[in-house]
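Feature list (source: TrEMBL):
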type	residues	note
TRANSMEM	40-58	transmembrane segment
TRANSMEM	70-88	transmembrane segment
TRANSMEM	132-151	transmembrane segment
TRANSMEM	260-281	transmembrane segment
TRANSMEM	293-313	transmembrane segment
Amino acid sequence: MNGRPVERFNWKQTIKVNILTLKIVGLWPAGDGSYECNLYTLYEIVSLIFLQIAHIGAQTVQVILIMDDLQAVTGSVFVLLMEMLGILKSYCLIKNMGKLKHLMVILNSDLFQPKTLEQRSLVQPNLNAWKTLASTFWVFCGGWLIFWLLCPMMDKSYKEYRLPFLAWYPYNTQTSPQYEFTYLHQFVSINCISLVNVNIDTLIAGLNMYIGAQFDILCDDVRHLHDGSKDSLAEARQKLKKCVKHHREILKFAKYANNFYNWPVFLQIFVGGICIGLSLFQMTVVVPFSAEFYSFLTYSFGIIVQVFMYCWFGNEIEVKSSKLSYAAFESDWTNLSPEVKKILIIFTLNVQKPLKVSAFGLFYLSLETFMKVRFTIFFLVKQR
């Protein structure tokens, strides 16, 4: 293998902010296991019921009560749908917590480690791309939260006891201090739900980013399978066996990850299109360039970045996995023994079909899918 050895790389370090934030909202228990009967689990239950379910329930009741008011309903439903997705994502994360922790253990195993400085440089663009897209997503979500939560203050409607979100409560919110406490509850609740949505979405993208990075490492291992001046034929055979094992573990990792985010990704893309349409509709009825206008604008761009993040790293997996057969051909295979050549041929045949990640097999996470979503958004804007 060419290149100098490197110190052990901690893959979890890349998503440490995600893990820390999920711990704060009660969705990442300590250790390598799942939830247990302890105070942290109690904290998660209280947080889920009091901050998420109670907030969404109050909005749902209000939507039912104002069903005859189309503008008010469309102004509430698109946010309500995304909040409900947050509950679903929380459920999927809690349900699959044991598998996710196991994936983190696998990721930091010796087999998944970059072995040279060259391999470290190969995976760095993957990490940088994830950080850039995740930061962009954070910016748009943060912008939407600021504009939406401060709307009553910016247009001074707080004097009329207007809350950021239309919701029904079993008490009078038009008096003080009930109004202030309700405003605070909505503020904390929507921040909690937004943290759940953003961090789980970026975690899903991070898992796909890891898979793409592993294919980069595997391609480099296959490409440098045999160096006649340094490696013996026996060493080449052992390296090839490790490559086969590494490929098998990558596929297993991808399968577990895909099973975790099937439902969140499927509903996110489906509901996201509806929410963008409703958001664009609202932009036609609010005051141009007001706080509400900018909140709808940043919300729409946030969903577009979210879908792009899914599709970009899904596309990277497909492209990089398709390079394995070329990497085998680029290796110094002519000097290998007939036995090793036979194993290499079988390996090459097995990797001919690139790996594609999808949502229940209904659509693949690729740039082609993103383009279809983009054209749909363009059509909605044109109709507007």
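Glycine is treated like the rest: Cβ placed from N, Cα and C.
Please treat TrEMBL annotations as automatic predictions, because they have not gone through curation.
In this chain, the transmembrane segment (40-58) does not touch the transmembrane segment (293-313); fewer than three CB pairs sit within less than 8 A of each other, excluding pairs fewer than 6 residues apart. Tertiary neighbourhood of the transmembrane segment (132-151): same-chain residues 79, 157, 164, 186-187, 190-191, 194, 197-198, 201-202, 205-206, 291-292, 294-295, 298-299, 301-302, 305-306, 308-309, 312, selected by CB-CB distance under 8 Å and a gap of 6+ residues from either end. Sequence-distant neighbours of the transmembrane segment (260-281) (same chain, 6+ residues past either end, Cβ-Cβ under 8 Å): 74, 77-78, 81-82, 85, 88-89, 92-93, 96, 99-100, 200-201, 204, 207, 296, 299-300, 303-304, 306-307, 310, 359-360, 362-363, 365, 369, 373, 376-377, 380-381, 384.
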